[in-house]
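Written below as structure tokens is the structure these notes are about.
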Amino acid sequence: MLLRFTKMHGLGNDFMVLDLVSQHAHILPKHAKQWGDRHTGIGFDQLLLVEAPNNPDVDFRYRIFNSDGSEVEQCGNGARCFARFVLDKRLTAKKQIRVETKSGIIELDIRSDGQISVDMGPPRFVPEEIPFEAAEQATRYNVEVDGQNIELAAVSMGNPHAVLRVDDINNAPVHELGPKIEHHPRFPARVNVGFLHVVDRQRAQLRVWERGAGETQACGTGACAAAVAAISQGWMDSPLLIDLPGGRLSIEWAGPGHSVMMTGPAVRVYEGQVRL
């Protein structure tokens, strides 16, 4: 059968989006891996599935597969594209949408200026909830990599993140340390790794090595995790701007127990069909 899909991106973090509300198909990890190949497939960072909800209190179910076929809990840039997609496809007329994900419910707000705000929910710091192996909860941890102690923050935004502060974003060891920390045994579910350079109290630069995808142009949950880490450690104040290789996100967080709000664009690139 032929499936209609839409190619989208949020700050260069690119997605294949499938409507499984009006189309009926069983998508497997092997399909994500096959379609995700940039040489022999469609090519994307993540595959986003729009499904009917299991929960009557939400509008849609949102599933995410990395291009390596692994299913993940959350994707912030994808959430903005999800909101733009369901509105453009007339799957809803609502400008405020509640969506269930593998890690819980998120709320999406399509603003009049075309930007999309996502209530990502409160961050989690308890090591078992990230998950991260540590004797006790702390603001910063030392993790040994190749005999060196690497200082990082660990936080969950529905998916696990490690945040490292760097002095030079252009020369940050993203491709050297990223995969080693991603697969570090203290992160049993693997981890997304953010390299953060604080410019001033309202602006920072960020590069992210994404679990299962490598370095991407942008990572919404990574930007949220980096902002939370920077605010928690007194480096920055809310609201703040995070500049990623693909563009800028605005992040707000009022502190522990409060939700993280992320605002940024979502762009449709093209429509296509793929054989299942």
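Using N, Cα and C of the backbone, Cβ positions are placed for all residues, glycine too.
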| In Swiss-Prot, the substrate site includes Asn13, Asn66, Gly76, Asn77, Asn159, Asn192, Glu210, Arg211, Gly220, Thr221. Which of Gln46, Gln96, Gln148, Gln233 does it also list there? | Gln46
| How big is the substrate site in terms of the longest C-alpha to C-alpha distance among Asn13, Gln46, Asn66, Gly76, Asn77, Asn159, Asn192, Glu210, Arg211, Gly220, Thr221, in angstrom? | 17
| task | Tell me whether Asn13 (substrate binding site) sits in a helix, a strand or coil according to DSSP. | result | strand
| task | Have a look around Cys75 (active site, proton donor) and count the other CB atoms within 10 A of its CB, chains all included. | result | 30
| request: Quick one: pull the CA-CA distance for Asn66 (substrate binding site) versus Cys75 (active site, proton donor), whole Å only. | output: 10
